[in-house]
């Protein structure tokens with residue numbers, strides 16, 4: 001860029017390095033063509049490059065073509081003029097920002113709460129998950145203990161809660177506003193911030209953690225004191241609520257609980273989708289300071305001493321001494337997020353009704369719970385449903401969102417099917433020829449009315465018959481496991497050596513059951529497949545024998561025992 005030596009303009013930038021020209025470079029023109037550069041670039045071109053002028057490509061002479069150093073008077077004059085211009089610029093900015101002293105800017109992520117009792121006037125308390133921490137991540141909490149907000153309820157504290165996200169602040173306002181706690185009605189709204197006095201003076205603020213504004217805020221969110229008295233800032237808040245509701249209709253519903261990997265604790269999970277007039281049926285599992293709400297409308301009645309809306313079950317015995325953080329508070333005080341609200345928050349104009357009410361948060365405790373299970377090792381119950389409720393088991397009725405899968409029911413049906421299949425099996429392991437020889441050698445087949453029954457030939461044959469019965473469980477181990485249930489295959493009593501022989505033949509009930517699942521047969525009823533056998537002396541029998549061992553069912557056996565009869569009979573059919 002060329003300029004004449006006599007030009008009296010403001011310093012400009014060097015065309016090569018784009019740095020402002022210093023005062024000494026104002027009258028420096030190294031080339032006869034009048035192309036002005038700074039002395040630093042001129043020295044670099046001559047020493048490190050080709051030494052040619054960037055404009056006319058002529059070699060630079062040893063001495064600059066025009067160089068007139070400024071005198072001290074000229075330097076002082078230039079400095080004074082520059083300072084004066086800077087002061088004028090600052091004054092102009094201050095005059096433009098002077099009207100901002102009475103302007104307040106609504107902060108979308110700042111919640112202002114009025115009406116806090118002294119018990120709640122603690123930043124660490126308000127940051128807890130039971131309180132404002134449940135709505136989102138909090139950046140900072142500032143408590144104002146000034147009594148300027150005191151009303152008919154007496155002096156109270158106010159708090160500024162700054163959230164990371166603006167939607168968390170709106171959710172907190174909808175859930176906390178007009179809630180009665182400790183006999184005081186809380187009022188919550190978006191907070192406003194004024195401009196820093198140093199910013200209004202166009203000066204650097206010395207406070208690193210200054211909470212005031214140091215830059216111009218949104219014009220739509222800026223309101224004067226007169227406009228705020230007219231409620232303009234509340235209209236802006238309702239507008240933000242409408243916009244957020246259009247983007248996310250379920251913004252009042254908190255996100256699902258998550259597990260902290262470091263502490264292995266469940267973070268709070270709260271849902272605000274229960275109507276105001278219906279108390280929430282939920283199961284609260286407490287562990288330390290954290291709690292988890294599980295919605296369950298079909299849960300049976302809780303144990304005595306616990307409210308139905310919030311039964312508490314301790315997870316570990318080490319936390320039995322856990323209490324609400326507010327020891328010494330009045331027990332009758334209402335919970336901040338209970339459903340007993342005196343002034344429900346109005347729905348913004350122009351919006352359809354919310355699918356969920358914001359006033360159903362019931363986990364902001366104000367006093368120790370009087371009948372909590374944390375104080376006792378036992379759980380009082382009065383019915384079977386109480387046990388189910390005490391240990392977290394729901395009723396048999398499936399919730400709407402359940403898939404209808406009941407592991408116990410499926411297992412029970414599978415076991416019943418397995419037993420039915422065992423009863424319907426027709427092909428069982430056959431007896432060995434030796435056992436058939438023993439049984440046939442000790443029994444005789446009689447003809448007549450009593451044919452078909454096994455009659456002992458001698459007293460010793462009864463011992464053989466007893467040994468035959470004792471061998472059956474060993475040869476059929478699959479029936480051994482059912483002996484505790486079906487015990488009709490035993491010989492009761494020791495009144496005589498062979499008491500069953502003393503009964504008349506007509507008093508013994510003839511049982512000829514076949515093992516099929518539809519009949520009233522005992523599971524020990526055996527249909528043995530026909531097989532070849534040898535008679536006495538090793539002579540083979542031409543025909544095939546079908547041996548059927550039948551026992552009395554459980555019901556028939558008990559009936560026979562009441563009449564003093566022998567419940568067991570052995571029936572052999574020879575084909």
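The backbone N, Cα and C atoms fix where each Cβ goes, glycine too.
Positions annotated as compositional bias 'Polar residues' by Swiss-Prot: 281-299 (among others).
Feature annotation from Swiss-Prot assigns compositional bias 'Polar residues' to 307-322 (among others).
Residues or ranges marked as compositional bias 'Pro residues' in Swiss-Prot: 345-356.
Per Swiss-Prot, compositional bias 'Low complexity' is recorded for 428-441.
Residues or ranges marked as phosphoserine by Swiss-Prot: 71 (among others). Residues near residue 71 (phosphoserine) in space but far in sequence (CB under 8 A, at least 6 apart, same chain): none are found.
Sequence annotations record features per position, and here Swiss-Prot assigns phosphoserine to 301 (among others) based on a large-scale study or a structure entry.
Swiss-Prot lists 324 (among others) with the feature phosphoserine, giving a large-scale study or a structure entry as the kind of evidence.
The phosphoserine annotation in Swiss-Prot covers 432 (among others), and the record cites a large-scale study or a structure entry as its basis.
The asymmetric dimethylarginine annotation in Swiss-Prot covers 475 (among others), and the record cites a large-scale study or a structure entry as its basis.
The asymmetric dimethylarginine annotation in Swiss-Prot covers 483 (among others).
The phosphoserine feature in Swiss-Prot is assigned to 490 (among others); the stated evidence is a large-scale study or a structure entry.
Annotated asymmetric dimethylarginine per Swiss-Prot: 497 (among others), in sequence order.
Annotated region 'Disordered' per Swiss-Prot: 256-372 (among others), in sequence order.
As annotated by Swiss-Prot, region 'Disordered' applies to 424-458 (among others).
Under the heading region 'Disordered', Swiss-Prot lists 553-575 (among others).
Residues annotated as zinc finger in Swiss-Prot, with sequence analysis given as evidence: 14-57 (among others). DSSP labels the residues of the zinc finger (14-57) in these numbers: 13 helix, 5 strand, 26 coil.
Averaged across the zinc finger (190-217), pLDDT in this predicted model comes to 88. Residue counts for the zinc finger (190-217) by DSSP state, with H, G and I taken as helix and E and B as strand, are 4 helix, 6 strand, 18 coil. In three-state terms derived from DSSP, residue 71 (phosphoserine) belongs to neither a helical nor a strand segment and is classed as coil.
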